[in-house]
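Annotation source TrEMBL lists S-adenosyl-L-methionine binding site at R248, N269, H270. Look at TrEMBL and you will find R248, D266, Y280, Y305, Y317 tagged as substrate binding site. Per TrEMBL, the feature domain 'SET' maps to 90-306.
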Amino acid sequence: MAEASRIFQTTLMPSLSQSLSLRKPSSQTISLRRTTPAIIRCTISTSDSTAKPAAENPPSLPIPWGCDVDSLDNAAALEKWLTDSGLPPQKMDIQRVDVGERGLVATNNIRKGEKILFVPPSLVISANSEWSFSEAGEVLKRYDVPDWPLIATYLISEASLMKSSRWSNYISALPRQPYSLLYWTRAELDRYLEASQIRERAIERINNVTGTYNDLRERIFSKHPNLFPEEVFNMETFRWSFGILFSRLVRLPSLDGRVALVPWADMLNHSCDVETFLDYDKSTKGVVFTTDRPYQPGEQVFISYGRKSNGELLLSYGFVPRQGTNPRDSVELPLSLKRSDKCYQEKVEALKKHGLSASQCFPLQVTGWPLELMAYAYLVVSPPSMIGKFEEMAAAASNKSTGGKEIIIPELEEQAFQYILDSCESSISKYTKFLQASGSMDLDITSPKQLNRKAFLKQLAVDLCNSEQRILFRAQYVLQAAFGTWDRTGHNKTHCLTFGVTWDWDKDWYKMGQGGTKRLFLFSFDI
């Protein structure tokens, strides 16, 4: 769910042996936030008994709990358990849907601006949840295990107890194999995502999950085999639990970023057209969301999983919205210093001081790119005579420049634009090569089940590459249009209004895009 990727990086990986202090349960009120875009999922299973996990490729073992991703077999039992446990009467029901396979569908008229859901805190799974097998929970807390692996281990522990766990009806309704890049093999990542930077992030995420499990096994599980038997707590069950967390976890802003699973609420699917998210309502003491549109009986109700690109949605949730439907879509543009640069070492040192490296990726949107990208481009193309400005450029590229103002160096603008254009065209060629090859790609199948899986992964990759290449084409168009009216002095002599470019009369700048959380690069032209 929303914020999952960022929280994973900041809370999951700290050493588990640094502190032996016992965590005390929090008495604070839970406050939740969740956001999402429109979901396009295939109904065929992505499982493949011959496929191997991407990191170490061990044999894949079946998970003995959960259900098929589109199954409604356990939905009635889940609803009854939730109602018996304190969930008030709902205006929604779990049904099979066209967008998302399973979702919450309105059973009554729902008004715009109406609060619905009201999941009580007692039905929320967090790091403070009570363990059915309390000894295991106390051991993990003595080692001060971070929230992500703690909840992942908790979920496995409760799932292994089957009907003995109070969460058995919830776990039975969870997918046996979540849609997640955690289940893609390394060969599949290399083959289908070779053109996208999401491949590198997927590999990093898989390695993080594998490393976290190995750390838990070495430091804790191996020392307490009676509490954490390997037949239950193994790499396959951790792949499942982290797949569930990435796709269903919500952030708790009022608890300093604590995270939790919210049964029932996590059946809501994502729409790019929706802005509403989960939150905790103090007056009703329940997790709710406020609708931003009306719903009639029979209509699926949506929320937002966050302002995420198509690649980020694929990474955590396993789907890619239809091309052109996600206004927050972006592509990571890789930029690199050239080793042949006479000032290569000096530029690298300047970047290192501000947490950057000789190779960096920056988000590129249809409407433009962040100021940091332009600052990095200035640094790449700057000559030895500007060595005194390297530090300033590196600081601006890391968003740590004094005053937060953009750097404008007129004598380098043309070279910087050309460098960005060359980088765009280099990435475009990679996408073009993949998309051309995908038409005749040998799926290398030996069974109908494998054909379903390979075709499914290939279609996801093609959809992602088409959406990311589209953004690169837009940037290429804008830059080529700008260069088409650029004279030898570096001044633009004509009024060039390209896609997404508007004239700012107050500042005499061409500006790509309109606002957002981060101001986009401002084209400084002389008219």
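Quick reminder: no glycine exception, Cβ is built from N, Cα and C everywhere.
Where TrEMBL records a feature, it is marked here on the structure.
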{"residue": "R248", "record": "S-adenosyl-L-methionine binding site", "CB count, 10 Å": "23"}
{"residue": "D266", "record": "substrate binding site", "CB count, 10 Å": "20"}
{"residue": "N269", "record": "S-adenosyl-L-methionine binding site", "CB count, 10 Å": "24"}
{"residue": "H270", "record": "S-adenosyl-L-methionine binding site", "CB count, 10 Å": "26"}
{"residue": "Y280", "record": "substrate binding site", "CB count, 10 Å": "21"}
{"residue": "Y305", "record": "substrate binding site", "CB count, 10 Å": "28"}
{"residue": "Y317", "record": "substrate binding site", "CB count, 10 Å": "26"}
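Among the binding-site residues listed (D266, Y280, Y305, Y317), D266 has its Cα nearest to the Cα of R248 (S-adenosyl-L-methionine binding site).
Summarised as a single figure, the pLDDT of the domain 'SET' (90-306) averages 93. Ranked by CA distance from N269 (S-adenosyl-L-methionine binding site), the binding-site residues Y280, Y305, Y317 have Y305 at the top as the closest.
In this structure the alpha carbons, written CA, of Y317 (substrate binding site) and H270 (S-adenosyl-L-methionine binding site) are 10 Å apart. Separating the Cα atoms of Y305 (substrate binding site) and H270 (S-adenosyl-L-methionine binding site) is a whole-number distance of 6 Å. Between the CA atoms of H270 (S-adenosyl-L-methionine binding site) and Y280 (substrate binding site) there is a gap of 19 Å.
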